[in-house]
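> Once you've had a glance at the structure underneath, I'll fire off some questions.
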């Protein structure tokens, strides 16, 4: 007999639960990748909505060499209404409308998500998000120049996209315990950067020829992923066990065996055989010795637990969980920095390095590449030290001077710009990734909840919703401050970074004398 190939031996070394866990990890990764993929195009298309048209001239012909070259009017190459002098404020208003709607909707999304099936809730959100993303691109196809139209689409898309984060974090938290949660969540959270990279590449491919496709293609992708979510997402391991139990019970019933009971009812029966394996999944056959070999009714016994199913936690109840408010406010400043880069980095590179929209979009992906490494590194360090907030504080401390360095180095050529983009991406996105994933999952399953796992979606929504307030404010301030020079934008980013750091340090000083069992926001749960 031929030996089993090593690859097959490796595959069979994992049990069914491990395969389902890996499948859920990969599926939720792809689902949220599509969310960020659909958010990125707006930052790439900005430089196409408003072009610097002063260099676009008509080449004089030989017969008319005496004529002066004529400059094209600005409205010939810019997209109305973004052809005005206040185009930065208008572009900032579009960012603000999306992010403000996202922040407000996030608080409601977590509460709703706790009370609805996650699979259906997430599917509807992805389908409608695909619809509104495509609708923005159709503005190019149908030559729409109304600012109100684009603002409406951004607001609607911001609201429906709030279905994503609480749903996927709850699902991944249900499947993975606290062991090595920082590493697992760090790897999993790279979907944010992967989605940004893919969104930049897709949008950059179409931006110069047909920027409408920069939105339509990502919109189709997220809608298609919504269908996949409906078909394959398993919310909780217990759902799989219940399905297996029902399938096992159905296979044990023989449809061809009937027996008239004392009341004349015809039911399904099971042939009892000596030595047969005992029934599981709360089903028992209560037989006497004289009943061996006789067809008897199968009676399913429903076991009712003494305690009632835990109810979904309220908004105020989630706020009272130790550490939720502290990390929510810290994320506000961290996400302000991250989303300012997300929405304005390509335009900054276009202006500072004098590159076209496609090259600037491709170069901006390096920030997200650094973010992947930073998120994984933050997770590994927090697992080893057991202090997630300490990890965040160290990375925030290093990020502030790095931001200043990037604003200086970006003027010295392509090489220094690439290096600083990678470093800034790691240090900025590391704390952001850790707080929105591992910290949220830890707090959503905090021991003060006494085993009630239905708080995870609400806690995640509160933390990410508060962070989204910063995400809304950051790009808006960038749009206003960039009119006075890009240096003002970087000063704002460094200030936000220091505020996030100082908040964690001040909380550490206030809780340095905490009693055993009290949450220490910088070091975790003090159990000494």
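Yeah, the Cβs are placed from backbone N, Cα and C, and that goes for glycine too.
Heads up, here are the entries from TrEMBL:
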DOMAIN    27-512  domain 'Major facilitator superfamily (MFS) profile'
TRANSMEM  19-37  transmembrane segment
TRANSMEM  90-108  transmembrane segment
TRANSMEM  120-142  transmembrane segment
TRANSMEM  148-176  transmembrane segment
TRANSMEM  188-207  transmembrane segment
TRANSMEM  213-234  transmembrane segment
TRANSMEM  324-345  transmembrane segment
TRANSMEM  365-382  transmembrane segment
TRANSMEM  389-406  transmembrane segment
TRANSMEM  418-443  transmembrane segment
TRANSMEM  455-477  transmembrane segment
TRANSMEM  489-505  transmembrane segment
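In the displayed structure, how are the listed features positioned relative to their neighbours?
Long-range contacts of the transmembrane segment (19-37) within the same chain: residues 122, 126, 129, 161, 164-165, 168, 171-172, 175-176, 184, 188, 191-192, 194-196, 198-199, 202, 218, 221-222, 225, 228-229, 232-234, 237, 240, each at least 6 residues beyond the stretch ends and with a Cβ under 8 Å from a Cβ of the stretch.
Beyond the ends of the transmembrane segment (148-176), by six or more residues, the same chain brings 20-21, 24-25, 28, 31-32, 35, 38-39, 93-95, 97-102, 104-106, 108-110, 113, 118, 121-122, 124-126, 128-129, 132-133, 135-136, 139, 184-185, 188, 233, 235-237, 436-437, 440-441, 444-445, 453, 456-458, 460-461, 464-465 to within a C-beta distance below 8 angstroms of the stretch.
Residues 181-187, 189-190, 192-194, 196-197, 200-201, 341, 345, 388, 390-392, 395, 418, 421-431, 433-434, 437-438 of the same chain lie 6+ residues outside the transmembrane segment (365-382) yet bring a C-beta within less than 8 angstroms of a C-beta in it.
Counting residues 6+ beyond its ends, the transmembrane segment (389-406) has Cβ neighbours under 8 Å at 327, 330, 334, 337, 374, 378, 381-382, 417, 420-421, 423-424, 427-428, 430-431, 434-435, 439, 490, 493-494, 497-498, 500-501, 504-505, 520-524 in the same chain.
Residues 165, 169, 172-173, 178, 181-182, 185-186, 188-189, 192-193, 321, 323-324, 327, 330-331, 334-335, 337-338, 341, 363-364, 366-371, 373-375, 377-379, 382, 388-389, 391-392, 395-396, 398-399, 402-403, 405-406, 409-410, 456, 459-460, 463-464, 467, 497, 500 of the same chain, all 6+ positions outside the transmembrane segment (418-443), place their C-beta atoms under 8 angstroms from a C-beta of that stretch.
Outside the transmembrane segment (455-477), and at least 6 residues removed from its termini, the chain residues within Cβ reach (under 8 Å) are 92-93, 95-96, 99-100, 102-104, 106-111, 113-114, 118, 162, 165-167, 169-170, 173-174, 312-313, 315, 317-319, 321, 324, 327-329, 331-340, 343-344, 432, 435-436, 439-441, 443-446, 449, 489, 492-493, 496.
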> Six or more residues out from either end of the transmembrane segment (90-108), which same-chain residues have a Cβ under 8 Å from its Cβ atoms?
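Sequence-remote neighbours of the transmembrane segment (90-108) are 39, 42, 46, 49-50, 81-82, 84, 147, 150-151, 154-162, 165-166, 315, 339, 343, 347, 461-462, 464-466, 468-469, 471-472, 475-476, 478-480.
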> Select the range from 120-142, 188-207, 324-345, 489-505 that forms the most Cβ-Cβ pairs under 8 Å with the transmembrane segment (213-234).
120-142
> In terms of Cβ proximity under 8 Å, which residues at least six beyond the ends of the transmembrane segment (489-505) contact it?
326, 329-330, 332-334, 336-337, 340, 344, 348, 389, 392-393, 396-397, 399-400, 403-404, 406-407, 428, 431, 470, 474, 477-478, 481-482, 521-522
> Under 8 Å between C-beta atoms and at least six residues away from its ends: which parts of the chain pack against the transmembrane segment (188-207)?
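Counting only partners 6 or more residues beyond its ends, the transmembrane segment (188-207) has Cβ contacts under 8 Å with 25, 28-30, 32-41, 43-45, 47-48, 172, 213-215, 217-218, 342, 346, 357-358, 361-362, 364-365, 368-369, 371-372, 375-376, 379, 425, 429, 433, 436-437.
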